[in-house]
Amino acid sequence: MSVGIIGAGAFGTALGLSLARKGPVDLWARDAEQVAAMRDTREHAKHLPGVPLPGTLRPSADFDHTAKNDILLLAVPMQQLRRVVSDHAEILTGKTLVACCKGVELQSGLGAAAVIADLLPDARIALLTGPSFATDVARGLPTALTLACADEALGQVLQRDLTTTNLRLYRTSDVIGAELGGALKNVIAIACGAVIGAGLGDSARAALLTRGYAEMQRMAIARGARPETLAGLSGLGDLVLTCTSDHSRNYRLGLSLGRGEAFDPSITVEGAATARAVAQEAARSGLDMPITHAVVGLLDTDLTINDAMADLLSRPLKEE
Ligand SMILES: NC(=O)c1ccc[n+]([C@@H]2O[C@H](COP(=O)([O-])OP(=O)(O)OC[C@H]3O[C@@H](n4cnc5c(N)ncnc54)[C@H](O)[C@@H]3O)[C@@H](O)[C@H]2O)c1
Ligand SMILES: O=P(O)(O)OC[C@H](O)CO
């Protein structure tokens with residue numbers, strides 16, 4: 001089946017590069033100048049400099065042309081997903097749409113697949129998530145991802161069609177678990193970056209990563225996810241990658257917070273809005289999400305990193 005990608009940022013372009021090894025892929029960007037530059041230079045200079053774009057990857061500023069493909073991957077930032085889908089709802093109705101965003105929508109508390117379902121009840125929806133830096137995917141390095149789809153038959157088709165020589169896709173029908181694993185790991189990565197940035201040490205990071213994983217499970221299970229999904233690529237796998245690598249933008253935001261440095265607000269950091277959305281839901285439902293609350297406190301500058309750690313360390317002692 002033919003593939004089109006909506007969103008020519010780092011990840012959309014990287015997925016396009018990988019999939020274009022199997023056949024033609026249309027890649028839509030809203031910015032016609034960016035499309036012209038990609039066509040002329042055969043490079044995505046801003047996000048993937050030095051990686052040549054093959055002729056089978058076809059940048060386009062024509063949404064409707066790209067949307068004619070059988071499978072559409074949506075690779076825009078989470079907080080922009082509703083706008084992109086609703087702006088093009090007519091042409092997207094009934095299509096096979098694979099959300100590639102990681103986050104929880106601030107206004108609704110929904111994950112990526114749920115936002116699409118909210119807008120397009122007739123769409124055939126799946127989610128592609130898991131540990132994968134765009135630079136690795138673009139360079140053809142080995143990567144394993146999770147393809148989540150409630151419709152098992154469609155999930156099998158997508159798993160086959162979106163697997164490439166360097167992208168190996170595992171399949172699950174637990175869309176909520178996959179969605180929340182990919183979203184919540186970004187919040188914990190900000191926390192881990194902050195402790196490393198503040199010089200609090202690798203042991204503190206290991207504690208946050210592990211207790212953060214418990215927090216991710218708590219929220220995901222409360223929303224109906226299966227625990228084993230959180231233990232897979234979309235949860236634990238992506239948590240480990242994002243909490244331990246300077247390549248992660250979420251982790252790097254945390255490093256800046258810990259060091260008291262400014263961070264470029266134009267960089268896509270999904271964990272910031274997701275932390276706020278999750279903290280709001282936790283407050284409503286009474287779920288215990290102390291690390292998420294600490295991250296919101298750091299982002300809002302209500303807390304210093306030392307206050308946040310002191311709060312976490314002084315919580316009542318409990319069983320693990
Ligand atoms: N970069 C990675 O390594 C990576 C890996 C896995 C998943 N993801 C996920 O992919 C999603 C996109 O991230 P990214 O890294 O590609 O971000 P990015 O900042 O590199 O690119 C985002 C792209 O979306 C476009 N965009 C923003 N708002 C838009 C709108 N309203 N309409 C049309 N286009 C719009 C921007 O112009 C930009 O090209 C995020 O949810 C992220 O978590 C990223
Ligand atoms: O750069 P980040 O922090 O958005 O992480 C990118 C991917 O989600 C890693 O799997």
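Just so you know, glycine gets a Cβ as well, placed from its N, Cα and C.
A TrEMBL annotation is a machine prediction, not a hand-curated record.
Lifted from TrEMBL, the feature list:
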type	residues	note
DOMAIN	3-153	domain 'Glycerol-3-phosphate dehydrogenase NAD-dependent N-terminal'
BINDING	Gly7, Ala8, Gly9, Ala10, Phe11, Gly12, Ala134, Arg249	NAD(+) binding site
BINDING	Phe11, Arg30, Lys102, Ala134, Arg249, Glu270	NADPH binding site
BINDING	Lys102, Gly130, Ser132, Lys185, Asp238, Ser248, Arg249, Asn250	sn-glycerol 3-phosphate binding site
BINDING	Lys102, Arg249, Asn250	substrate binding site
DOMAIN	174-309	domain 'Glycerol-3-phosphate dehydrogenase NAD-dependent C-terminal'
ACT_SITE	Lys185	active site, proton acceptor
Item checked: Among Gly7, Gly9, Gly12, Gly130, the one of these binding-site residues whose Cβ has the fewest neighbouring Cβ atoms within 10 Å -> Gly9
Item checked: Entries of Arg30, Gly130, Lys185, Asp238, Glu270 which, being binding-site residues, have CA atoms within 10 angstroms of Arg249 (NAD(+) binding site) -> Glu270
Checklist line | Where the C-beta lies under 6 angstroms from ligand 1, the matching binding-site residues among Gly9, Phe11, Ser132, Arg249 | finding: Gly9, Phe11, Ser132
Item checked: Residues flanking the substrate site, with Cβ no more than 8 Å from the Cβ centroid of Lys102, Arg249, Asn250 and excluding those residues themselves -> Asn186, Ala189, Thr242, Ser248, Tyr251, Thr268, Val269, Glu270, Gly271
Next item on the list: Please work out the helix, strand and coil residue numbers for the domain 'Glycerol-3-phosphate dehydrogenase NAD-dependent C-terminal' (174-309) from the DSSP assignment.
Entry: 102 helix, 0 strand, 34 coil
Next item on the list: Go through the binding-site residues Ala8, Phe11, Gly12, Gly130, Ala134, Arg249 and pull out the ones with a Cβ less than 6 angstroms from some atom of ligand 2.
Entry: Arg249
Next item on the list: May I ask which residues of the same chain, at least 6 positions away in sequence, place their Cβ under 8 angstroms from the Cβ of Arg30 (NADPH binding site)?
Entry: Ala61
Next item on the list: Indicate whether Phe11 (NAD(+) binding site) is helix, strand or coil by DSSP.
Entry: helix
Checklist line | Cα-to-Cα gap, Ser132 (sn-glycerol 3-phosphate binding site) vs Phe11 (NAD(+) binding site), nearest whole Å | finding: 9
Check: Taking every protein chain shown into account, which of the binding-site residues Ser132, Ser248, Asn250 has the largest tally of Cβ atoms within 10 Å of its Cβ?
Finding: Asn250
Next item on the list: Pop the mean pLDDT for the domain 'Glycerol-3-phosphate dehydrogenase NAD-dependent C-terminal' (174-309) in here, whole number is fine.
Entry: 97
Next item on the list: Work through the binding-site residues one by one (Ala8, Phe11, Glu270) and name whichever has its CA nearest to the CA of Asn250 (sn-glycerol 3-phosphate binding site).
Entry: Glu270
Item checked: Protein Cβ atoms within 10 Å of Ala134 (NAD(+) binding site), excluding its own -> 21
Check: Hey, how far is Gly7 (NAD(+) binding site) from Ser248 (sn-glycerol 3-phosphate binding site), Cα to Cα, in Å?
Finding: 19
